[in-house]
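These notes concern the structure reproduced below.
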């Protein structure tokens, strides 16, 4: 580098930088540019005098480099609290919004921020704002991973060595105790920020979604705020005041081509499809196949194939397909009736916080019918803050007190919320039906309900065999509640209605989410797959891929599948396919039909019986183990069985067996794709 610089300096000393011809050309260019700018300024001035102001549709990722400065936004609006969220399903974002809103009560005006849209290195400068505080609401996703929008921030603090002295912070984590890596992301960020010199204002909160994460959050924040007041020497301004975050603008005169009809982000994106396709720009995929996999019984399981030809979408066995479903039309209609709303009214909800990058809670302008169908979770169990807001619209004082009681932090209130709302799985429609004097305006309902999130499914095909289609395996969710109502899963019931008969084929917005759930790079490495029920899904893709390698003449290691279901005659998924792979020598199949004998038999029983074989694969041949399915019982039981096998067959102590399994995890030889 130094030699190049010295050569450049030498040239400038012997020759003039610009010749006469260069100077003439430069003058001409400058004159032309000046004329063009003046001409455009005049045109803009002429048009601005007749310009009318209107609410523009939501756009995504329009922030300039200057706009992603959260420090500038805080200073410009006199705020000192910033709440970052790492969210995959919307809960962490919701909690962040509630904390920022409550900051007003404690003389800490707050804002919510998406770390993906911020320059997080500005955390170094947050200390320049008096009484500043950064709170992180972070969910843990998958196998202890950060959410997509928090990934870059997580990697930055993990690999960087910045000095965060003077940064005041607190962390609340969202996790699930049935998962192996419970709240791993939040715990790491809390510890790492302290290591980098930041000051922890209050202890980390750990929310457990397997129990009652709403209760965990409320309990934590009710202790958090007094500690914050004590730390900064400030006092609460009084009672919690319910404030609307968005104002309503009814827009009956908006032309139809400016109204959102279900697009996630870009207007008309579902009509005018443009790659690349992702969460904000899904691909409208035709459904080519939708067939029933169960041969009997009262339950249903679907095999669905999406056509991705021409989309340029790529996937690998083990990845996830995400699908945007829509809510049940009857439920939407019922909610409209309960709120006495004209569902075809065009409207926008506009953020009263002009500094917020989130101008609308969902794409606007749109109709109430579209919002309730495409954008809002109307089947979710409402959290307590929603009940608190609904209480204000009760004309009967007893109904108002009842909803306030459900939303309270008293032991009796929490117990009643658990039994009356959670255990009875009442959604907002059920609550409005059972609290007859509560009739909120539809726009406020649209404001307080969470966003409808995409549903994720393990892909059950290999792109080596099916490059133009993506397959999923999905059980229909439909059950009767204690109140006698029938609740339906949003996505699976939507899918069940999509029958590819005739032309055109039904289309569904989808995108691919990459996973770390991967086959060994070398096909000769043996693998054990444990996947009862629809846990079989990713392993169907794995088996297809390994069989393809064998057909190509490659040396393929043992491919062993432990599969379980209730009855062979009813719910043995992909029976003919699996038996054909066994016949061809591509698969070793171990089956557990739990209800075909007096004592139930599960895959875990078979795994225990095969301890010698298991150790041969994972101990002697350094093979891989994969688990897919129920996290709460099956996955934890399998882990304990593997630990026992490692200890007894490997001749190791209990702690050595733990270390052995942790090493397998680090080497991606032990992988889990589980749900609760």
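Using the three backbone atoms N, Cα and C, a Cβ is placed for every residue, glycine included.
Listed in TrEMBL for this protein:
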type	residues	note
TRANSMEM	17-38	transmembrane segment
BINDING	87-92, 139-142, 174-183, 209	FMN binding site
BINDING	299, 534, 594, 595, 600, 601, 602, 603, 604, 637	NADP(+) binding site
BINDING	455, 456, 457, 458, 473, 474, 475, 479, 489, 490, 491, 492, 675	FAD binding site
Distant-in-sequence Cβ neighbours of residue 602 (NADP(+) binding site), under 8 Å, six or more positions away: 532, 564, 592, 594, 634
Which of 139, 475, 491, the listed binding-site residues, has fewest other Cβ atoms within 10 Å: 475
For residue 176 (FMN binding site), nearby residues of its own chain (Cβ under 8 Å, 6 or more apart in sequence): 182, 208, 209, 210, 631, 676
Site extent for NADP(+) (largest Cα pair distance over 299, 534, 594, 595, 600, 601, 602, 603, 604, 637, Å): 26
Cα-Cα distance linking residue 675 (FAD binding site) and residue 142 (FMN binding site), given in Å to the nearest integer: 9
Candidate with the highest Cβ count within 10 Å, taken from the binding-site residues 90, 142: 142
Spatial separation of residue 299 (NADP(+) binding site) from residue 473 (FAD binding site) - C-alpha basis, Å: 14
Listed binding-site residues 87, 90, 475, 491, 675, filtered to Cα within 10 Å of residue 299 (NADP(+) binding site): 475
Inter-residue Cα distance where the pair is residue 90 (FMN binding site) and residue 457 (FAD binding site), in Å: 18
Nonlocal residues around residue 179 (FMN binding site), in sequence order (Cβ under 8 Å, 6 or more apart): 140, 144, 631, 674, 676
Largest tally of Cβ atoms lying within 10 Å of a Cβ, found at which of the binding-site residues 299, 455, 600: 455
